[in-house]
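Notes to accompany the following structure.
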Amino acid sequence: MKLKQRVVLLAILLVIFIFTKVFLIDNLDTSAANREDQRAFHRMMASLHVELDPRLDHTLQSPWEIAAQWVVPREVYPEETPELGAVMHAMTTKKIIKADVGYKGTQLKALLILEGGQKVVFKPKRYARDYVVEGEPYAGYDRHNAEVAAFHLDRILGFRRAPLVVGRFVNLRTEIKPVATEQLLGTFMTVGNNTCFYGKCYYCRETEPACADGDIMEGSVTLWLPDVWPLQKHRHPWGRTYREGKLARWEYDESYCDAVKKTSPYDSGPRLLDIIDTAIFDYLIGNADRHHYESFQDDEGASMLILLDNAKSFGNPALDERSILAPLYQCCIIRVSTWNRLNYLKNGVLKSALKTAMSHDPISPVLSDPHLDALDQRLLGILATVKQCTDQFGPDVVLVEDRMTLSHL
């Protein structure tokens with residue numbers, strides 16, 4: 001064989017070797033990542049049921065100090081949280097030392113301060129579990145039980161971006177009124193034999209109070225994030241106009257996602273993938289009301305999209321509002337870890353997992369069966385949407401490897 005032919009042959013063999021090595025390494029990395037996703041899923045399933053137990057492993061710290069230490073830029077609580085039950089027990093039992101009107105917003109809520117100085121947001125019960133909210137997908141009052149269910153779904157999906165939520169019964173006469181500010185106290189009234197209040201918010205009306213059963217009111221409490229992590233509010237790029245006859249650009253522009261990708265903070269970093277994770281989360285819970293979202297301040301797009309205010313969810317189990325998935329089907333990208341987790345939750349696993357996760361809650365049963373059934377049905381819709389994307393663009397384009405290191409040091 002001539003020297004020139006030998007050189008060409010060696011060059012071809014070298015190229016084949018390099019491509020084979022790269023292919024094998026990529027496959028090994030992908031396989032390792034998939035195995036870790038599977039292990040993480042099994043760990044989550046093993047820790048689904050959380051007993052509300054006051055005992056703490058760290059006896060020298062309060063539950064509030066422990067929860068505050070959990071918060072980092074990419075998650076609100078860590079994957080393994082042996083003290084979760086103790087923190088949630090404190091949220092539902094600690095003495096209320098102050099009650100005030102809620103922070104700014106459109107819906108009725110109260111701001112409570114618990115013993116030890118911890119702030120929580122209290123949202124009162126407005127509907128029975130089997131009540132169906134008709135009309136627009138964002139219609140109706142906030143649903144306190146939706147906050148509880150959404151928190152546990154966040155755990156199940158492995159996002160860990162929703163603040164802790166637990167159900168709580170409060171005695172308005174003995175626990176709230178004696179420590180209420182004048183502003184909140186001025187909104188209390190008696191309707192029949194029931195104690196009621198209407199608070200202060202954009203849609204709060206004296207004619208539409210929330211009423212207890214006698215003096216006992218069911219509600220949810222959401223743990224306030226530590227003050228050292230101030231929040232920054234952003235307009236959601238797929239937000240609705242809330243004006244009849246006026247569509248947002250994403251509702252008629254097929255290339256809208258291309259424009260979003262050229263805009264900060266969606267042109268780099270994890271934020272666009274967070275938006276798509278959130279669309280999946282919101283579609284599952286039926287939340288079409290995320291017109292804004294929060295991240296931590298001065299994060300330059302690196303922190304998570306925090307899953308706050310999920311109470312406009314679980315209103316109508318028969319309504320699958322596909323437009324909530326617009327970020328997914330317009331951008332046609334999804335995290336591999338999210339895709340893997342969704343596939344692990346097929347065949348009734350999601351419904352069963354959420355039911356187990358919520359079974360410990362003081363206001364259990366948190367959701368009616370039709371809402372649990374709707375979750376499994378909506379999951380199929382998400383999987384079908386991703387398949388349409390992979391059929392059109394290929395899995396290498398659609399499935400994005402984006403695993404970010406999370407530090408709790």
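Here the Cβ of each residue, glycine as well, is placed from N, Cα and C on the backbone.
Within the same chain, the residues at least 6 positions away from D289 (active site) whose Cβ sits under 8 Å from its Cβ are P137, Y138, K312, listed in sequence order. According to TrEMBL, the feature active site maps to D289.
Under the heading ATP binding site, TrEMBL lists Q107, K123, T222, L223, W224, L225, E294, D309.
Residues annotated as Mn(2+) binding site in TrEMBL: D142, D309. All protein chains shown were included, and the count of other CB atoms within 10 Å of the CB of D309 (ATP binding site) stands at 25.
Residues annotated as domain 'FAM20 C-terminal' in TrEMBL: 188-397.
Residue pair D309 (ATP binding site) / D142 (Mn(2+) binding site) shows a Cα separation of 9 Å. When the Cα atoms are compared, D142 (Mn(2+) binding site) and K123 (ATP binding site) turn out to be 8 Å apart.
Ranking the binding-site residues L223, L225 by other CB atoms within 10 A of the CB puts L225 at the bottom. Comparing Cβ neighbour counts within 10 Å across the binding-site residues Q107, T222, the minimum falls on Q107. Taking Cβ-Cβ distances under 8 Å and a sequence gap of 6 or more within the same chain, the neighbours of E294 (ATP binding site) are L231, Q232, K233, H234, L305, I306, L308.
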